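Residues or ranges marked as active site by TrEMBL: Asp89, Asp278. Under the heading disulfide bond, TrEMBL lists Cys305-Cys343. Marked as domain 'Peptidase A1' by TrEMBL: 71-381. Annotation source TrEMBL lists signal peptide at 1-18.
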Amino acid sequence: MVARRLSALSLLLGSAGAAVVSLQLTHKPKTLSEIKRASQRRAEIGQRFAASLSADGIPSVSLTDVEDAEYYGEVDIGTPAQKFSVIYDTGSSNLWVPSKKCTNCKPRGGHYDASASKSTAANGKSFTLQYGTGNCQGFLTNDNIQLGGLSVENFTFGEVTTEAKDVFGQAPFDGILGMGPPAAAVDQTPMPMDMLVKQGKIQHNIFAFYLASGGKKGSTLTLGGTDSQFHTGDFHYVPVSVGAHLLPYWLVTAGDIKIGGKSSGACYPFLGCQMVVDTGTSVFAGPPSAMNKVIAEIGNVSADCSNAASLPTITLTMGGKDFELGPEFYVLRGKDDSGKEQCALGLEAVNAGVPIWILGDPFLRKYYTVWDSEQNRVGFALAKQPGQAGLLVI
């Protein structure tokens, strides 16, 4: 289902530590009705997130909407390998898959069977993961996992035995592999990237996402560094915000959001706009009082897409650099029940109880993005688009 691409260099280096390894992702764009349902869920998620904030401002519910993600990849667990389709999600920090012992998981897809693996080791500790749209429960297990052909020995992950059926029952994936900060991991389970470096499988705790648009092939997660075929020009890095000490996300600061070259006034003078860089969110979202200013400046998007090309450019200022985002990226296109393409604005106001923004897929499709744990920063470079010279699509 998901092809793997290992460079010859990676194969030669083997256990000495591969330079960079890539694994292919599948993109499943939403239909118009799915876009509308995701919008309704975000309002509910914001309310639950806000309600979960403790006195010190730390939430107990993840912002992740598991039904919103559009990009999936493969992970193998056990010996011999049992294959699972998972969301590689920078907005959460745990790996879980359905267990063979699950009482209400959907029958199709993968179900981890510990008795079929020669490398499994019982952990037994129970866990519960709270997402904005529902939760899943089970117990922790240790086994070998493989990402892009790289093996992590004795990795701790969750076997789900009960899940919110209305949330996960129709999902086109089996589980989630979180790539958020370690501080967000439930039960302090280790992070895959940390373990890959610790076990000498890659040299650097750095990963990057290239997200193709419109269901086209080529979406890729790169482990250990970046791949020059996916971008033009240099990366511009933005440090992780100090706010990440309270909200454990890949959080960066935008100093301004401009519409058509004019400041929207949406960001605070000194604090700016605090943005979660999240592969698991299909829109650009922000607090209502600020995002509504941005939406008002953009204007209405015609459902028939007739004015999409004439809408203004959004510019985010981060780390002293302007990043432009045109309507070809922030206007969402989905087919209605008759198969006709319709347009909707890919910006949304979400009240999460704290003034955080979510920099989701519309921005990440325009900019090839790297998450650098070694220097605690996120980098952006202009992504090559399908058909552009030098871009290899497998």
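Any Cβ shown, glycine's included, is placed from N, Cα and C.
A sphere of 10 angstroms centred on the C-beta of Asp278 (active site) encloses 27 other C-beta atoms. Cβ neighbour count for Asp89 (active site): 22 (other Cβ atoms within 10 Å of its Cβ, all protein chains included). Every protein chain shown contributes to the tally, and the Cβ of Cys343 (disulfide bond) ends up with 21 other Cβ atoms within 10 Å.
A straight line from the CA of Asp89 (active site) to the CA of Asp278 (active site) spans 7 Å.
In the predicted structure, the domain 'Peptidase A1' (71-381) carries a mean pLDDT of 91.
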